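Chemist: Structure provided below as structure tokens; questions to follow.
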Amino acid sequence: MALPIIVKWGGQEYSVTTLSEDDTVLDLKQFLKTLTGVLPERQKLLGLKVKGKPAENDVKLGALKLKPNTKIMMMGTREESLEDVLGPPPDNDDVVNDFDIEDEVVEVENREENLLKISRRVKEYKVEILNPPREGKKLLVLDVDYTLFDHRSCAETGVELMRPYLHEFLTSAYEDYDIVIWSATNMKWIEAKMKELGVSTNANYKITFMLDSAAMITVHTPRRGLIDVKPLGVIWGKFSEFYSKKNTIMFDDIGRNFLMNPQNGLKIRPFMKAHLNRDKDKGLLKLTQYLKEIAKLDDFLGLNHKYWERYLSKKQGQ
């Protein structure tokens, strides 16, 4: 059962409508972090008591006997800028921690506070256009780490860690798609990786622009807590005359990155242990064919990219 709460902080009131009596005080604090930027450990919620004592983080909201739309006061200082708070966590093996996003989608995709964050990115995030968008082209958005190359293995050059057929894949895709790179890292590292791989200097294709972690947003999921995602709405908002849900596809090895846009995401198999798999991995070859097939369509909304291999086999069998 939903338990609407109004939280006052910094002269403003924040409406919390997505938590239930089964959620905990910590869930509330984590949600408030997404709204205010104040870290949970810095928050003090006045009026939340159990048996006369301040409620601990593990106490369920139902135990507080709150009436709907109860107003509570939050004290706490935002010690970091909002952008820092919303940025990605320190580097870890996201592939191990990935989860199936399907059950979370309905609760997250259209939530008002997430859409407001996207609007803020559209207004504030600066995109450096490397090559102008082309009229009539579809959009391919690509992750970098484990999608285009193995960023964990050691090698003398980046080329040794590059996913097989990368340049052939991008050359073919460029015929039908504008290409955008989006990585959950700092722009200077993205630029360095693209240069090392020979992507930014290849004469056979061009990159339209690149996005870094500052274009991402943090969303709260009821069961998984806070996660960072890549909302395609940032691109659609900035380039609405060229790109939309109908003509965009995004490749990423981490499914939760397209939690805000599940219809447009294709979860690619991660490319790891390059020295062992360099001669075996043919993922980009097959995806080259898939992109070529769906480029014939006027609208991608009828596709389910989860079954892209089935779709490709069916088309090639005709």
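Quick reminder: no glycine exception, Cβ is built from N, Cα and C everywhere.
These figures come from a predicted structure and were not determined experimentally.
Just lifted these from Swiss-Prot, have a look:
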type	residues	note
BINDING	Asp143, Asp145, Asp253	Mg(2+) binding site
DOMAIN	3-81	domain 'Ubiquitin-like'
DOMAIN	133-294	domain 'FCP1 homology'
MOD_RES	Ala2	N-acetylalanine
MOD_RES	Lys117	N6-acetyllysine
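So that I understand the layout, could you describe where these features sit and how close they are to other parts?
Modeler: Remark: Asp143 (Mg(2+) binding site) has Trp182, Ser183, Lys230, Met250, Phe251, Asp252, Asp253, Ile254, Asn257, Ile268 as non-local neighbours, by Cβ distance under 8 Å and separation of at least 6 in sequence. According to DSSP, Asp143 (Mg(2+) binding site) sits in a coil region rather than a helix or strand.
Look at the domain 'Ubiquitin-like' (3-81): DSSP puts its residues at 19 helix, 26 strand, 34 coil.
Residues within less than 8 Å, Cβ to Cβ, of Ala2 (N-acetylalanine) and separated from it by at least 6 positions along the same chain comprise Thr17, Thr18, Leu19, Ser20.
Taking the Cβ of Lys117 (N6-acetyllysine) as centre and 10 Å as the limit, one finds 24 other Cβ atoms among all the protein chains shown.
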Chemist: Using the CB centroid of Asp143, Asp145, Asp253 as the Mg(2+) site centre, which other residues of the same chain sit with their CB within 8 A?
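Modeler: Same chain, not in Asp143, Asp145, Asp253, Cβ within 8 Å: Val144, Tyr146, Thr147, Leu148, Ser183, Asp252, Ile254, Ile268, Pro270.
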Chemist: Could you tell me which of these binding-site residues, Asp145, Asp253, has the greatest number of Cβ atoms within 10 Å of its own Cβ?
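Modeler: Output for this query is Asp145.
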Chemist: What's the CA to CA span in angstrom from Lys117 (N6-acetyllysine) over to Asp145 (Mg(2+) binding site)?
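Modeler: Per the Cα atoms, Lys117 (N6-acetyllysine) and Asp145 (Mg(2+) binding site) stand 25 Å apart.
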Chemist: Using DSSP and collapsing to three states, where does Asp253 (Mg(2+) binding site) fall: helix, strand or coil?
Modeler: coil
Chemist: Would you mind pulling the DSSP three-state label for Ala2 (N-acetylalanine)?
Modeler: strand
